[in-house]
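These come from Swiss-Prot:
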BINDING   Lys87, Lys127, 131-137, 167-178, Asn202  ATP binding site
BINDING   Arg192, Val203, Ala204, Glu256, Phe257, Lys258, Gly259, Phe260  substrate binding site
BINDING   Asp237, Glu250  Mg(2+) 1 binding site
BINDING   Glu250, Asn252  Mg(2+) 2 binding site
DOMAIN    91-277  domain 'ATP-grasp'
Amino acid sequence: MRVVLIVDIVRQEEKLIAKALEENKVQYDIINVAQEPLPFNKALGRYDVAIIRPVSMYRALYSSAVLEAAGVHTINSSDVINVCGDKILTYSKLYREGIPIPDSIIALSAEAALKAYEQRGFPLIDKPPIGSWGRLVSLIRDVFEGKTIIEHRELMGNSALKAHIVQEYIQYKGRDIRCIAIGEELLGCYARNIPPNEWRANVALGGTPSNIEVDEKLKETVVKAVSIVHGEFVSIDILEHPNKGYVVNELNDVPEFKGFMVATNINVAQKLVEYIKENYSK
């Protein structure tokens, strides 16, 4: 079996994956798509599995698609990346299958966004369908703040950033929950605790990880959400609603896991390589 690790920025997670591949004596190459092209030819077909790890959604999506065209099994597939990389597409899949999500209104223009604010009521969350690390996710307390956010988003070149997901503001327990799944297995979950002077729990923004006990309802919600999007290696962000219980906030197709490892002591990279060897060895 030969594996290719696709990257654009080599973070701690990619170093851990490379180390796990070496320790498990798996042949592998690294292709940095920020520097190297991907040809549509049979050369890429020498790989059996591609681990897709670019930070950029579009680099991840397109590199996965090119490798799939060469007959390579990609983790994750371009279909999974396309759905998980766009929160509107994610919510559409989950809502159709009855998975709890935050109450959400989609607005595709500035005028529609103002109407969505009025329907939702303040405070509310407004975020675009694409993006990571809490970027451009706004807590809006009144219409004046809302108009400012809309004006700024209208100036952005990417049309997706002008789309608005208007949501209820769920502030409960001062944390959110991140879980990681590989294949059909839930590896575990941990809490991301909101830091001082912040309302978001992202580790990139200073959120601190802590271990939690996974109950059956949380496990059921996560496993079903993963199966709906056909994710093979994904993280799942969960909010705790005071009335609705666990709601799925988003799924990540190129999951970061250093905070998860600190909180749970689970070696995610090793688990990923074991999964690949068990399912795709030749």
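Each Cβ is built from the backbone N, Cα and C atoms, and glycine gets one as well.
Features recorded in Swiss-Prot, as mapped to the structure shown.
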residue	record	Cβ contacts under 8 Å, 6 or more apart
Arg135	ATP binding site	none
Ile170	ATP binding site	Pro102, Leu239, Glu240, His241, Val247
Lys173	ATP binding site	Glu240
Asp176	ATP binding site	Ala191, Arg192, Ala201, Asp237, Ile238, Leu239, Glu240, Asn249
Val203	substrate binding site	Arg192, Pro209, Glu256, Lys258, Gly259
Ala204	substrate binding site	Trp133, Gly134
Phe260	substrate binding site	Arg178, Ile180, Leu187, Gly188, Tyr190, Pro209, Ser235, Ile266, Val268
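Counting every protein chain shown, the number of other Cβ atoms lying within 10 Å of the Cβ of Asn252 (Mg(2+) 2 binding site) is 20. The domain 'ATP-grasp' (91-277) scores a mean pLDDT of 95 in the predicted structure. Cα of Asn202 (ATP binding site) to Cα of Phe257 (substrate binding site): a span of 12 Å.
Cβ crowding, taken as the number of other Cβ atoms within 10 Å, peaks at Arg192 among the binding-site residues Ser132, Arg192, Lys258. If you compare every pair of Cα atoms in Arg192, Val203, Ala204, Glu256, Phe257, Lys258, Gly259, Phe260, the residues listed for substrate, the longest distance is 13 angstrom.
Residues near Glu250 (Mg(2+) 1 binding site) in space but far in sequence (CB under 8 A, at least 6 apart, same chain), listed by position: Cys84, Lys87, Thr90, Ile236, Asp237. By a simple count of nearby Cβ atoms, those within 10 Å, the most crowded of the binding-site residues Asp237, Glu256 is Glu256.
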